[in-house]
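A.B. asks: Sharing a structure here in structure tokens format.
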Amino acid sequence: MTVAVLALQGAFAEHENVLKRLGVDCIELRQAKDLETPYDGIILPGGESTVQGKLLKELGMFDTIKEQIENGMPVLATCAGLILLASEVEGQEGCHFGTIPMCVRRNAYGRQLGSFHTVAEVKGVGEVPMTFIRAPYVAETGDGVEVLATVDGKIVGVQYKNQMAFAFHPELDNDTRIHEKFAAMVRDK
Ligand code: GLN
């Protein structure tokens, strides 16, 4: 089993470290030709969704990844990654991959003071540490979207078919259970 980590910008190395700890093989997606290497799941890391979206298009990677996701490739998305998957971004024209029917609010906790840490329940995992960095939250979910986590009444984790998305950064805390849940999903596909 091989997991591909989108490695254009942001916190991709941290995801790779977690995968290594779990003994999961990983490759980096840096350019279009990397998409030809066989892999079984994709991680979309945190960073800046606008930058990532732009690079994905400029590097000719966007359409292939969108198709892979639509065809059932398991995806774990964190923070900016969650924004890439959303079908609607509040106050913005259009979306990126748009493969999860939901509306997200970017920088939902304020730009300057928007970083915080908490512990909360993730469905099927238990209480996990959550680090939020200029994080979005999910303002609205569409049909078929399962809410996996909320913090202060705001949705911060969802699953839709083969896609799991979190507003926080599980790769930055010393707790590998979310990646384990994802690895199990890839294995069982
Ligand atoms: N604020 C970023 C965005 O809008 C997300 C922040 C993050 O990934 N830590 O893309």
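Keep in mind that glycine also has a Cβ here, set from the backbone N, Cα and C atoms.
These numbers come from a predicted model, not from an experiment.
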A.B. asks: May I ask you to find which of Arg21, Arg105, Arg106 TrEMBL records for the L-glutamine site already listed with Gly47, Glu48, Ser49, Ile133, Arg134?
C.D. replies: Arg106
A.B. asks: Just name the winner among Cys79, Ile133 (the recorded positions) by count of other CB atoms within 10 A of its CB.
C.D. replies: Cys79
A.B. asks: Near Arg106 (L-glutamine binding site), how many other Cβ atoms are within 10 Å of its Cβ?
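C.D. replies: If we count other Cβ atoms within 10 Å of Arg106 (L-glutamine binding site), we arrive at 21.
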A.B. asks: Helix, strand or coil: which one is Ser49 (L-glutamine binding site) in, per DSSP?
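C.D. replies: DSSP call for Ser49 (L-glutamine binding site): helix.
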A.B. asks: What's the CA-CA gap between Gly47 (L-glutamine binding site) and Cys79 (active site, nucleophile) in angstrom, rounded?
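C.D. replies: The separation of the Cα atoms works out to 7 Å.
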